[in-house]
Structure formats: structure tokens, C-alpha cells
Amino acid sequence: MSLKNDRYLRALQCEAVDYTPVWMMRQAGRYLPEYRKLRASAGDFMTMCKTPELACEATMQPIRRFDLDAAIIFSDILTIPDAMGLGLYFETGEGPKFKHPINHPNDIKQLPIPDPQTDLGYVMDAIRLARKELDNKVPLIGFAGSPWTLATYMIEGGSSKTFTKIKKMLYSDPASLHLLLDKLADSVALYLNAQIQAGAQSIMIFDSWGGALSHRSYLDFSLKYMQKIVNALQRGQRQAHYTQDYIPVTLFTKGGGLWFDKIMHTGCDAVGVDWTVDLSTLPKGQVAIQGNLDPTILYGDKATIEQNTAWILQEFGQHNGHVFNLGHGINQDTPIESVEILINAVHQQSKRVHND
Ligand SMILES: Cc1c2[nH]c(c1CCC(=O)O)Cc1[nH]c(c(CCC(=O)O)c1C)Cc1[nH]c(c(CCC(=O)O)c1C)Cc1[nH]c(c(C)c1CCC(=O)O)C2
């Protein structure tokens, strides 16, 4: 079985493509009217995640509407803490919450490592369904949160701007935090390998809050555990030439531009970068680079979106190994027409660059 559009997988392996592939973080979501309708009929977000038919439908919605070069399975990074028994729920307007957050270091010792087939089988079912539904149109991305990012939610009890609880633990009881991060790394590795077995064709790790750490702490409390996961992933052997059977891994630390070199040397295949990074300064050819349009540019008019797309493509130049994406998830009030303008601009403009 061969993919009809494999530009995304080719670009991740730094192979030549006729135009730059593009997908958007959070491409399935509330900016789409059909998503809001599906979500209203499901009742709540977790029901959507836990019902494979609904998760598959949400995965497919942006693929049907736009000329995207990859699909990402509809789920959430917080399925892992949920499966560890923390009881994830969403309060409207307040983001994620846990019924049983970690309040004491002893809570960490009790945490189980979830069995992906039994505790998270609904994700694997959704992946199998989505692969069938996609019918090889574009590749399907599986994903997880980084241990550090998952730990921030588990210890803060939800979203945070200051990360005071987890940083207090980092500096007063680092051994307990390391125990938690290590359990999370093992859980994520098992989970991602199960996603690969179920049919995920590429893997992405979201380290949304790595950028909140100091240089030294980032290496020790975030990157180290992503490294452990990269080492444990069953990706197959990367070949001298592109192969569709190899599973590329992308690491994305938001606010992590300064650590590009360290991230690249984990042995990942691609590094995601946010909009603060000047792509022209990054080394090309050793790993692929994903990014990096500021998602708020999509509030601008057609000329603004096209100009900003052109700048990114020019900064990257004619090298292989670029996956166009936003520098973070798409905002829920983004106009749909802007997304169409963006995808067309990436494809049209990059065709000229690649065929020069
Ligand atoms: C930190 C994080 C989370 N989840 C995720 C991250 C890492 C990426 C990032 O930094 O943005 C990742 C994620 N969340 C979701 C996906 C689906 C796949 C995709 O389309 O990219 C992915 C890849 C769906 C979702 N996950 C969530 C929604 C919105 C839920 C709804 O329908 O009400 C979606 C579509 C809920 C969620 N889940 C999370 C938060 C903070 C929220 C609330 C966000 C908000 O209210 O704006 C945790």
C-alpha cells in the first residue's frame, strides 16, 4: 500500500519534494464549524477522544476541507495522566483539570504505568479507523506530550502561567520530580510504540512548556526524558534514501529555539520551532525543521498571510527538509479563509522555489 501524497514523510527524511508540505498544529478543532457541531453532539471533549468513531471523524474534518499534507489523530496529550488515574476533565473556558492532581511526593510512587492496549485502547482504535478512512491520502501523525509538559499539568492541577508548584518541587525535591518524569517517559514510550503498531506513520512529541525552564533545567528535566523516549521508539531503520516504512519523530519545544542544536542531537528526525526562530540561522540537512508561522498572522489579510509565508520559505531557502506549520496551535477564532490562503500560498510559492 503506498501513500498518494508522501511529501510530509519525504520532507521529514530531508528528501527532495516538488512543493513544501504543510499541516497545522491543532488543525482539528474549534475554528471549524463542523468540529463545533460534532463536539456539541458529543457533549464533552473527553467523550470525543474516547469514542473512536468521533475521534476519527474529527481527524478527517480538516483533511476533507483543506489541501493538507498530513493528518494528526484527534486526541489529547493528557490522555496519559488520565490513564494513570488522575481523572481528566474540562471545565468550559478554564482548560484541563484533574480530579486527583499530584499533591504529595507519595502520590508519585503510587502512579501506575498505563497499559496502552487496555487503558488507552480507544486511541489505538481511533488510529486504526482513521488509517482506514484516510485510505492512504496523506500520512497519519501520532503524538504525545513530553514528560515535562505532562508533569506541569499533573502537579499544577491544570494550566499555569507561572509553574510555581512544579518549580518548587524541581528545586526542593528534585528526586521526586525525576521519579515522576521517568515514569512518564516509560508511559509515553509504550504509548507511542502502540500508536506506531496501530498505524501511526510519524510521531510528534509536544513539549509545550519546556520553554519555561532555565537552560540547565531544560536539559535535565525536559530534554533528558524526551531523549529516553526517542531511544525507546520502534521506528525501524532510517535508510540512506527515503522509505515510507520508516517512522520519523519530531520534537517540538515551544520557546526552545535556543536549544535547537541539543534537540537535534537526540537522534530525532525533525525539530519543531515556534515563530521566534529565524529559520535562516538553523543548520540544514541533518534534521528536518517544522514551523514556524505565528498563528496570529492568520488574523491578517491575504497580502499579509502571503508575505509572511514568503518570508518563511525564503528564510528556509532551497534546502530539503522543511515542513511548513504554525509555530503553535491554531487559535479558535481563526477565519477559515485565512487557512485556505495559507495552504495555497505554501504550495504555490514553494513550487516555484523547489522547481527553480
Ligand atoms: C498543551 C496541550 C494540550 N493538548 C495538546 C497540547 C500540546 C500542544 C499545544 O501546546 O497546544 C495537544 C493536542 N490537543 C488536541 C490535539 C488534536 C490534534 C490536532 O488537531 O492537532 C492535539 C495534538 C485537541 C484538543 N485539545 C483540547 C481541545 C479543545 C477542546 C474543546 O473542544 O473544547 C482540542 C481540539 C483541549 C485542551 N487540551 C490541552 C489544553 C490546554 C486544552 C484546552 C485548550 C483550550 O481550551 O483552548 C492540553
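Keep in mind that glycine also has a Cβ here, set from the backbone N, Cα and C atoms.
The structure displayed is predicted, hence computed values, not measured ones.
Listed by TrEMBL as binding substrate are Arg26, Gln27, Ala28, Gly29, Arg30, Asp76, Tyr153, His328; the candidate from Ser208, Ser214, Ser217 that the record includes in that site is Ser208. Counting only the Cα atoms, the space from Ala28 (substrate binding site) to Asp76 (site 'Transition state stabilizer') is about 11 angstrom. Using a 10 Å radius centred on the Cβ of Asp76 (site 'Transition state stabilizer') and all shown protein chains, the other Cβ atoms total 18.
For Asp76 (site 'Transition state stabilizer'), the nearest neighbour among the listed binding-site residues (Arg26, Arg30, Tyr153, His328), judged by C-alpha distance, is Arg26. Sorting the binding-site residues Arg30, His328 by the number of other Cβ atoms within 10 Å puts His328 first.
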